[in-house]
Amino acid sequence: MKAVIFAYHDMGCQGVQAVLDAGYEIAAIFTHADNPAENTFFGSVSRLAAELGIPVYAPDNVNHPIWVDRIAELAPDIIFSFYYRNLLSEEILHLAPAGAFNLHGSLLPAYRGRAPLNWVLVNGESETGVTLHRMVKRADAGEIVASQRVAIAQDDVALTLHHKLCQAARQLLNSILPTMKCGDIPSVPQRESDATYYGRRRPEDGLIDWHKPVSTVHNLVRAVAAPWPGAFSYNGSQKFTIWSSRICPDAQGALPGSVISVSPLRVACADGALEIITGQAGDGITVQGSQLAQTLGLVAGARLNRPPATSGKRRIRVLILGVNGFIGNHLTERLLNEENYEVYGMDIGSNAISRFLLHPRFHFVEGDISIHSEWIEYHVKKCDVVLPLVAIATPIEYTRNPLRVFELDFEENLRIIRYCVKYRKRVVFPSTSEVYGMCTDASFDEDKSNLIVGPVNKPRWIYSVSKQLLDRVIWAYGEKEGLRFTLFRPFNWMGPRLDSLNAARIGSSRAITQLILNLVEGTPIKLIDGGQQKRCFTDIRDGIEALFRIIVNDGDRCDGKIINIGNPDNEASIQELATLLLDSFDKHPLRCHFPPFAGFQVVESRSYYGKGYQDVAHRKPSIDNARRCLGWEPSIAMRDTVEETLDFFLRSVDVAERAS
C-alpha cells in the first residue's frame, strides 16, 4: 500500500518509522522548514526522510493547486498526518481511496485543537492519550480508528509527558497499521457532546496570576517547563521564569503574590503557597529557588506583580459606543484588567460604568451617537478597534417602535461602519442570534444556516432584518474594500446589570429581568404563549471572555468571520427559566423582604407584545467557529448565572421599596 505522509516533530519521526516498519511504501513526505525562532529540541523529519532516501518537501502552502496536483500524481492509497501543523484541504483528503488519517495528541473528542499536551497539564488532568482518526473538513472531528491511554503522573511536566505520548503513539501505530494495510479500518464516530476545543498557546500565556489557586499556578509551571518557554512573573520590571515548583498548602494568611520566605522561596497564591524549586532571572542561568530570590533581591513580604506597561509600545485603543450597556460595561471591565488596552466610550448614561470613571485608561463622554457624529468620527480615526454596541434590542420595542429600531440599529450604525471603512479600522460588530429567525436547523451554523423571517406585516422582524442587512453590508465592505471585521452573535447572554427593573416596569427589558420584577413586586409571572419557547442562556462572563478573544484576534483568525457566542448546554424553555428563578428566589437570604409569589399567568403574545409579533420555538447555536477561532468553550451552568443575576437585582432594590 502506497502512502503519502505529512509529518513534523518527534511524533512525525515516530509515525514515519512505524509506517515503514508496517511494510507500507512511502511515496513522499511533506514537512515544515524549522523556524529559527523556535526551540527545535525535537527530531527532524526532513533529516530522517533524507537518510531513508524518501523524497521530502516543505511547501509554504501544501493546499495550493500545484501541490494538490503533484500529490495526485503520486497516486497514494492512503494518507497519514503525524503532527503536521497545517490543515489539509478536502481536495487532498479525497486523493487517497483508503482515506486520510491523523494522529492527535489527546483522547478524542476531548482536547481537539492546538497544544493538547500543554493544555491537559494546565487543566490538571490525570490522563490523556493519543488517537488515530479519519480526517474530515473539521479539525480533529473524524471517526476514531484507535486510541491509547496515557496516565499523567503528578510529577510529569511537558517534556516527560511528551516522551510518554511518543512511546504510546509508536505502540498504537505498531498495532493498528498492519490491520489497516489489510483494508480493515475500524471506525467509531466521536461523541460531539463530549468534544472540547483548545487554541494555540503563546509564550505570553505563561504569565502567572498569583490570585489563582496554587494548584493552577503549579500546573501552569508543569505545562510550559523547559524546553517550552516557561511560566513567568515580575519583580518590579525584572522578569523571571519558574522552571519547577511544588505545592505548599499554607499561605500563612499572606496576600496573593507576596513572598512568604526566601529560603525556601515560597510565594502566596489564592489558597496556598508555591515553592519555587528552580528558576531563572531574565536571560540568566537556571538556579535553585533561594539563589533566585537573592538574584532578584527578594525579601519576605515583597509583592510580585504583573508586567510593567511597555513605554515603547502603544496600548491598543478600543472604542465602545454603548459603553454603559450590558455588554459594554462588562467588556470595559475585562479590557481594563489588561495593561495594554485603553478604552474610549460614549453612551447616554453612566450608571453602569461609574466604577470606571476615574480609571486612567478609561475615557468617557456622555452623548448620543445620532448627535455627536464629529466626536465619533474623530475617535474611530484615533482608535484601533471599534465596537458599535448601540441598539434597541428588547422585543416589545420591535412592534412598539419599529421605525426607531431601524433608524438606530441600521442607519446610525451604518454611518459608523462607513467611518471604519474610510479610516481602515477594524470593527467588531454585534450581530444577533435573532438573524436566524425561524430557521429549522437543530443548531444554527453561521456559514450554512438559512436566515428565515416572517412576512412584512409582522414588524417584530425589523430588528432581525436590520441586523442581517448590516451584516451583509459589512461583509460586502470586507470583500470589496478590505474592511477588517468580525461579526459576533450573542445567544441570550445573562448576568448582573442586564437591563434594569425600571426598564422592566415599562416592558422594555429582557425576559429574566421581567421575571425578577414580577417576583420583587409580587405580581404574576407572565408566560407568553405558555412559555414553551426554548433558548440557550449564556453567562455574561463566558460571553465576554469570547468577545475579548475576538478583540485580541490571535493570529488574525477572527478576521472576516461570523462567530456565534452561546451555550448549547444551557437550553431551557422560558417556563423552565421561570421555575429555576423562583426556586433560587425562595432560597435567597433576602426572600423575607418581598411579597408572596403570585403564581404563573399564561398570556397570548399579541396581548403582551401587540399586533405584529411572532415568536421562535427554539434557538440553539453551533459554536464550532468559536471553538476553532477562539479556543473558547462556555463553562458556567445556567443555575449559577440565574442565582448571580437574581442576587444582583434583589440587592439593588431600595430597603424602603422592599418594605412596601
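Glycine is no exception: its Cβ is also placed from the backbone N, Cα and C atoms.
What Swiss-Prot says about this one:
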type     : residues                                       : note
REGION   : 1-304                                          : region 'Formyltransferase ArnAFT'
SITE     : N102                                           : site 'Transition state stabilizer'
ACT_SITE : H104                                           : active site, proton donor
BINDING  : R114, V136, K137, R138, A139, D140             : (6R)-10-formyltetrahydrofolate binding site
SITE     : D140                                           : site 'Raises pKa of active site His'
REGION   : 314-660                                        : region 'Dehydrogenase ArnADH'
BINDING  : D347, D368, I369                               : NAD(+) binding site
BINDING  : A393, Y398, 432-433, R460, N492, 526-535, Y613 : UDP-alpha-D-glucuronate binding site
ACT_SITE : E434                                           : active site, proton acceptor
ACT_SITE : R619                                           : active site, proton donor
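On the structure: features taken from Swiss-Prot.
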residue : record                                      : CB count, 10 Å
N102    : site 'Transition state stabilizer'          : 25
V136    : (6R)-10-formyltetrahydrofolate binding site : 15
K137    : (6R)-10-formyltetrahydrofolate binding site : 11
A139    : (6R)-10-formyltetrahydrofolate binding site : 18
D140    : (6R)-10-formyltetrahydrofolate binding site : 23
D368    : NAD(+) binding site                         : 13
S433    : UDP-alpha-D-glucuronate binding site        : 24
D529    : UDP-alpha-D-glucuronate binding site        : 15
Q532    : UDP-alpha-D-glucuronate binding site        : 14
R535    : UDP-alpha-D-glucuronate binding site        : 22
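Around R138 ((6R)-10-formyltetrahydrofolate binding site), the same-chain residues at least 6 positions away in sequence with a Cβ under 8 Å from its Cβ are D624, R628. The DSSP secondary structure for R619 (active site, proton donor) is coil. Within its own chain, I369 (NAD(+) binding site) has L321, G322, M346, I376, P388, V390, E412, I416 as residues 6 or more apart in sequence whose C-beta sits under 8 angstroms from its own. For the pair D140 ((6R)-10-formyltetrahydrofolate binding site) and A393 (UDP-alpha-D-glucuronate binding site), the Cα-Cα distance reads 37 Å.
The residues near the NAD(+) site, meaning same-chain residues not in D347, D368, I369 whose C-beta sits within 8 angstroms of the mean position of the site's C-beta atoms, are L321, G322, M346, I348, G367, S370, I371, H372, V390, in sequence order. Separation of the C-alpha atoms of A393 (UDP-alpha-D-glucuronate binding site) and the residue listed as 'active site, proton acceptor': 10 Å, rounded to the nearest whole number.
In the three-state DSSP scheme, D529 (UDP-alpha-D-glucuronate binding site) is classed as helix.
The subset of recorded positions (H104, R114, D347, R619) lying with their Cα within 10 Å of the Cα of the residue listed as 'active site, proton acceptor' consists of R619, given in sequence order. Between the recorded positions R114, K526, R619, R619 has the most other Cβ atoms inside 10 Å of its own Cβ, all protein chains included. Counting other Cβ atoms within 10 Å of each Cβ, the recorded positions H104, D347, A393, E434 show the lowest value at A393. Following the DSSP three-state reduction, the secondary structure of I369 (NAD(+) binding site) is coil. Taking D368, K526, R619 as the recorded positions under consideration, the smallest Cα distance to K137 ((6R)-10-formyltetrahydrofolate binding site) is found for R619. Here (6R)-10-formyltetrahydrofolate is bound by R114, V136, K137, R138, A139, D140 per the record. The longest Cα to Cα distance in that group is 16 Å. In the three-state DSSP scheme, H104 (active site, proton donor) is classed as strand.
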